[in-house]
Structure formats: structure tokens, C-alpha cells
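Working notes for the structure below.
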């Protein structure tokens, strides 16, 4: 009976072992299916991630392409407007400068005519100043001669009547004398009378001719004075009007030049800003490339280490499974002679298998988290690569824009050279310029509004992009949570199945315990079984120790891996901070250097312009001063000569009244001399005074000559000396001449002082230029001509720089937006790292803990 029972028990144990083996096979098949499904899901997730990345790339490319096209079209439109404005400005400058040159030439011609009119108040000056007015001069001379002849006729009639009366009186006196002494005095009186009549006739003829000439000249002078006064009045009004127009045009020219220089400075500033931004973007891209390469290398190293650890864990698990299978086979061989304790041992082995399964599930979860992290890292690397490609495309676009700006700058330099030659036409375009300025302001305001709209649209697109990213992240997390819930549900079902099997096994154990009470007689077999159980316990302890060592090794590797990851992240963050600090320091240095260079170039250009302006002004002033000095010296020389002659003749008149006949001879000789006829009637006040003295002297000489007889001495009507009024008039004229001479001397001294001061200023400016040239020559290497040409071109660029404040504001806004985008990307990267760490922690927490062993121990 005992043997039958033992055989039944043996068969039952064998059946149970077979069932357990089949269950183990089923569980392994389910595990394979689950792993295959997990791999499929992972592949699907990677495929979806790739598709999402491609769609995002396409969206970004389309958006950026549209933005680039819009920016390029707007840039081309603005460049066309700038070219049209520059052409209009050149045309206006050319027309205004032509009108200014015409006005300057007219003013110079009028000044020359005015000066010639002032110098030439006589007929010779009038012939020199107006060579085409010979008919008018002849008419004036004839009019003056006619008036002089009429006056002469009246004077001759009066003289004739006086002579007739005087001869009648002389005849009456002669008859009385003849009655007293008729014989001896008759022939002498007749001879004396004939001589007196001849001499008086000749003197009368000469006197009449001289008086006729004098009166004609006086009349001519009066007429010329009237004409000169009218011409001077008209010339003064015209010169004042032209000067006012000239001042207005000069003010307009200055305003135009200031606006042009401001535009050129703004254009150069924009060009420099764009060039510096391009350099900064290039540096940032290079640094980002380097950092991305380093990060990719680190990630690849981490991936290799994790793959190696995963392969080692797989090998260990496979070895453990093989050892368990060997242990099961040995147990199946030895089960024939085992009882309830063997079943307990089997239960312990199953619990160990469950623990190994849980460990395997935890390892798979760790592997999934690692793969997720790797996928995230790959996505980040792909995103960074895309950003790098975008930056490279932006760099190429900026390089093309820089080339276009260089060509535009060269064209503007050529246009500026043409402008410097055509800066003489600035007058009629003021209203049109104001209208164009209003249009430019309107376009600038429109541009600003467009830029604001673009900024708002970009912000909206960023917000929409962020929302899409959040939605995609939520979807991804939901999918991950769904997969995790499904796995947890399957694990719970497995645990429930396992618990049901444990309950069944416990019931069987109870039955076996009841049967074992009946088998107390089989103590020998039990002792043998105990020995076998002890050996199995030893093997079990060895397996447990190996499992614990494997778990400790896994935990140690995980800790080392996490520590290495943390250290790498800290080092990367520290290096990034250092690089950012270095970049900021270099940016600050570059800005300071650029600012100092701009200030230096501005000072040099300002000094060059000042020197050029002073040199031009000095040349003009020297020319004007030399011409004025020559004229003044010539006038001063003539006036001195005339004043000296006047003083000598006045002294002769005042000191020696007997020498008036000599004065008359001198005056007559002066009048009849060919040099006097050629150059005597120069338009000065002294010539007028000479003629009056000549007239008065000749009249006095003739009167004195006619009063040679005792009869002529008794006539009170003929003047014997100069009157006091004439002498006072001569003194007044002499004083006026001296005063004019003093004024001319003062003008000459003032011109000398101004020319000396201008010469000193020119020397000082030339010394400044020489020092600047010396400094530049010291700094220049072998290619001296090219550097000089580049410095001159930079000077011209600084002199003529167009630009727009709105473009500068737009560049600042774009730079700020770029910096904000970069900071947001950094924050997003940090958030992704935090989320990956949180996912790893949650996966560790959600991993099912092996709680089957304590229950089995309690049951035992």
C-alpha cells in the first residue's frame, strides 16, 4: 500500500512537474511575444518621431523660405527706392550747383563792372568798361559839347558887349589925349594898340578853346556822374538781391550736404552693423558646431557604454536561464525520490524565476527609458543639425547681401565722385525734395508698421509652434502611458495567474502534508531526501548569492553611469558658461575697438574736411586779396602822386602868387601833353580838382596878361586872384583825398593781417595733416598705395553715408528676437533633460517588486 501510494505520489509529482514545465514554456512564449510587440511599438514610435521631425523640418523650411523671400523682396524694393532717391538727389544737386555757379559768375561779372565803373568815371574808363557803348559815348560828348557851346556863345556875347563898351570908352579917352599931344604919340599908340589887339586875339582864341574844352568836359562829367549814380544804384540793388539769393542757395546747399552726409553715415553704420552681425553669427555657428560635435561624441560614447552594459546583462540573464534549466532538469531527475519538501523547493525556484522575470522587466523598462533618452538625444541632435543648416543658409544669404551691399557701396562711391564734380546745381528742387522727404517718412512709417506686423506674426508663430510642441509631447506621453498601462495590466494578470497557481500548489501541499503524516514509517527515505534537500539548499544558496552579486553589479553600473552622466552634464554646463562669458567679453572688446575706430575715423575725416575747406577758402581769399591788393596799391599810388602834385601846386599857389603864370603853363602843358590825353582823365576826384585849378589859373593868367596896359589896370570887373571859396573847396578836396588815402591804407593793413592769420591757420592745418600722414605711414606695411586708397575710400564713405534709423531699429529687434529664441531653446533643452530624468525615476518606481518570496516563506 505504501509502495502504491508512493508510486501515485511519484506520478502526481511528475505530472505537476510537467505542468510547471509547460507553464514555464508558455510564460517564455508570452515573454517573447511581449518583447516582439515591445520592439514593434518602439519601431513605430521611432518611425512616428522621424515622421514628426520631417514634418517639422518641412514646416520650418517653408516658413523660413517664405520669410526669406519676403525679406529679400522688401530688401530689393528698399534698394530700388534708395537708388531712385540717390539719382533724384544727384540731379537736384547738379541743377542747384549749376545755378549756383551761374549766379557766382554773374555776381563776379557785376562786381567787376561795378569796380570798373567806380574806377573809370571818365570817358576812358567808360570806353574800357563798356567797349560796345561807343555810340552812347559819342552822343554824350556831343550833348556836352552842345551845352558848352551854348554857354560859350552866351559868354562871348556878354564879352563882346563889354568889349564894345570898353573900346568906346577907350576911344573917348584917346581923343582927349590926342588933342593935348597929337604929334609924337600917334604912331606909338597905334603900334601899341595893334600889338595889344593881336595879343588879345590870340589869347582870346586860346581862352575860348580852353573854356570850350573845359565846359564840354564838365558837361560830360555831369552826365557821366548821373549815369554812374543810376548804374551804381541799380548795381547795388542787383548785388544785394543776388547776395540774398546766394545766401539762400548756400543755406540750401548746406542743408542738402548735411542731409546727404547724415544719410551716408547712417548707411555706413548699417553696413558696419550688418558686417559685425555676420561675423558674430559665423562665430556662434562655429562654436555651436564644435559644441554639437563634442556632445555627439559624448552621446555616442554613452550609447556604446549602455549597449555594452545591456549586452552584458543579456548574457548574464541567458546564463541564469541556462543554469535554472539545468537545475530544473536535475530536479526532475531527483523528483522521483522527493516529497513535500521538494515541492517547497520547486516553489522557491518558481519564486526565484518570478524574481528574475521582474528583474528582467525592470531591466527592459530601464532599457526603454535609455532608448527613449537616446531617441530624445537623437532628436535634439537632428534639431541642432537642422538649426545648423538653417544658420548656414542664413550665413550664405547674409554673405550674398554683404556682396550686394559692397556693390551698392561701390556704386554709391562712384556716384559720390560724380556728385563732388556736380555739386553746383541746387536751387529749384526744394519743394520736390520736401515732398520726397514726406514720402520717405511715410514709407519709413509703413516699413515700421510692416516690421511690427512681422514681429507680431513671428511671435504668434512661435506661440503656435510651442502649442504644437506641447500637444505632441502630451500625445507622446499619453502613448507612453498607454503602453505602460497595458504592460502593467499584463503583468497584473500574470501575477494573478501566478497567485492562483500558488494557491493550488498550497492546497496540494496541504494534501501532501496530510499524506506525509501517513508516511512516517518511511523515515529512511525521508532522511535521504533531507540529505538531498540540504544539497539542493546549498545549490540554492549558491544561486541566490550569484543573483545578488548580479543585482549589485547592475546597480553599481547604473549608479556609475548616472554619476558619469551627471558629471558630464555639469562639465558641459560649466564649459558652456565659460564659453558664453568668453564670447561676451570678446563681443565687448570688439564693440569698444569698433567704437574707438569709428571715433578715430570720424575725427580724421572731420580734420580732412576742415583742412580741405580751409585750403579752398584760403586759396579763394588769397586770390581775392591779391586782386584787391593790386587794385588798392595801384589806386593808392595814383592817389599819392596826385596828392603830392596837388600839395606842391597848392603850396605854389598859396606862397607865390606871382608864379601863377607858371602854373598856367604847367597846366596847359599837362593838358596838351600826349600822356595826359591818354591817361589824364582817370576817374578820380583829384583830376576834377586839377581841372578847376587849371581853369582858375588860366583865367587868372589871362586876366593878368590882358592887364599889361595902364588902361586895363583900372578895370574892377576882372578877377586878379583866387577867391576864398575856391581855396576852401580845394582844401576840402585835399582833405577828402587824404581821408580816402587813409581808408585805403587801413584796408591794405586789414588785408595783410587777414592774409597773415590765414597763412598761420593754413600752416597749422598742414602740420596736422603731415602728422596724420606720418602716423598712417608708420602703420602702413608694404602695400602702401592700396591702404591709402582704402583710407581715402573709407573717408569718402564716411563723408557720404546714407542710412535709415528704421533699418537700425529693425536690426536691433531681429537681434533681440534671435537672443530670446536661443534662450528659449536652452530652457527647452533643460526641461527635456528634467523630463527624461523624471521618466527614468517613474519607470523605476513603477517596476513590480518581487513580493512572492515572503508569502512562500510564511507558508513554509
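Please read every residue number as a count from 1 along the shown chain.
Cβ coordinates are placed from backbone N, Cα and C, and glycine is handled just like the others.
Within the listed segments 3-30, 31-58, TrEMBL records coiled coil for the stretch 3-30.
Ranked by Cβ pairs under 8 Å to the coiled coil (484-656), the stretches 3-30, 207-316, 804-845 are led by 207-316. Within the model, the coiled coil (484-656) carries an average pLDDT of 80. Note on the coiled coil (804-845): residues 78, 266, 269-270, 273-274, 277, 362, 365-366, 368-369, 372-373, 376, 380, 444, 447-448, 451, 455, 458, 462, 480, 484, 569 of its chain, located 6 or more positions outside it, place their CB under 8 angstroms from a CB of the stretch.
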